[in-house]
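Structure first, then comments.
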Amino acid sequence: MREIISIHIGQAGIQVGNSCWELYCLEHGIQPDGTMPSDSTVGACHDAFNTFFSETSSGQHVPRAVFLDLEPTVIDEVRTGTYRQLFHPEQLISGKEDAANNFARGHYTVGREIVDTCLERLRKLADNCTGLQGFLVFNAVGGGTGSGLGSLLLERLSVDFGKKSKLGFTIYPSPQVSTAVVEPYNSVLSTHSLLEHTDVVVLLDNEAIYDICRRSLDIERPTYSNLNRLISQTISSLTTSLRFDGAINVDITEFQTNLVPYPRIHFMLSSYAPVISSAKAYHEQFSVPEITTSVFEPSNMMAKCDPRHGKYMACCLMYRGDVVPKDVNTAVAAIKAKRTIQFVDWCPTGFKCGINYQPPSVVPGGDLAKVQRAVCMISNNTAVAEVFSRIDHKFDLMYSKRAFVHWYVGEGMEEGEFSEAREDLAALEKDYEEVGGEGAEDDDEEGDEY
């Protein structure tokens, strides 16, 4: 088996995790207490869904996941929630005091105490796997725990599980909506380690997803649950092929191979279609070309940046439901014929497609309508650099006055780490610029960086 372990860090990671596991359980017919009435082979571990769930001899299905937070309130909601019997109690790890929006607390002081417990759990989970394929890491980089503890854990995973893929689903601070003053610091410090210790990162941004909820689902004031439902649909679509047997399956390592042209350029945009409320769904039909066109719409991107400002290097289209390869080929050909969607000149094909016949499920009482087919796209576009330059700009404004820096230094960080991380991001922006530049004749000079 090719198992995958999910790691949910900090409040954002855990709440997105709740939505995801709720959806996985629905899709596989697993009850909130972990039983699966439809599973004929009790205790045997060779069904496709065993990539995400391990199975006990009594027929209980346990998520291969760890929830990790420095303070207990969010994890306590999982401990007392609907799915409390689903998770192994030792997989829900919480500390006593939180990181207070401070990267240094999550990374150096408070986080250090909890990270070994977490690695111990991960080691046990990994021992239960026959062929561990990699990790999915869910966190946000604006707060203290997601950024600080998230980075610390990624660094330790690189040491303990060197060659295993690490895919990040990371919530980046939004341009207009901010939840903490020091977000730019935490994001820059944390991106510094995402650059080195993850293989692919899918950028998500609350503001972009708010806009999608408002526009497409007619929710006037979207809550985090609305956002997380949409995020979990996207993540579910990306992992469908790992959990079900499909027509064209896509492995975790295939994402890497097809999407990452250079090791540092691994930050992806994602989009999902059709996002439609139940009220409207009756009156519309969504053909494969239609949903394919809409995942390329700038307004459907789950991060605030405009793909028209950049060029695509590669994209992965994951279809699910009633879709046949012939439709996909036609739709992709139509996209290629469009002049609006630009690819870099050194990557002429640029499309990787996956198809899975399992139709999308929806959470009862959720916002999304039940549809016959859906598509999720992850794309590598040079416009992602906009996200970084925005955060860098805010970082510079604060750091030029050394505002708030003493909180970080007081927790055992050195000022040098700020400038080091900032320089790394400046180099990243430059990398994106060069990759998107015309012609590939300057490749030889680029070679020294990697």
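Every residue gets a Cβ built from N, Cα and C, even glycine.
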Name the one residue among Thr117, Thr170, Thr179 that Swiss-Prot lists for the same GTP site as Gln11, Glu71, Gly144, Thr145, Asn206, Asn228.
Thr179
Taking the Cβ of Glu71 (GTP binding site) as reference, which residues of that chain separated by at least 6 in sequence fall under 8 Å from it?
Ser94, Gly95, Lys96, Glu97, Asp98, Thr145
By a simple count, how many Cβ atoms lie within 10 Å of the Cβ of Gly144 (GTP binding site), its own Cβ left out?
28
What's the longest C-alpha separation between any two of Gln11, Glu71, Gly144, Thr145, Thr179, Asn206, Asn228, the listed GTP-binding residues, in angstrom?
23
Across all protein chains shown, the recorded positions Gln11, Thr145, Thr179, Asn228, Thr349 give the max Cβ-within-10 Å count at Thr145
Might you list, by sequence position, any residue in that chain lying six or more from Glu254 (active site) with a Cβ less than 8 Å away from its Cβ?
Lys352
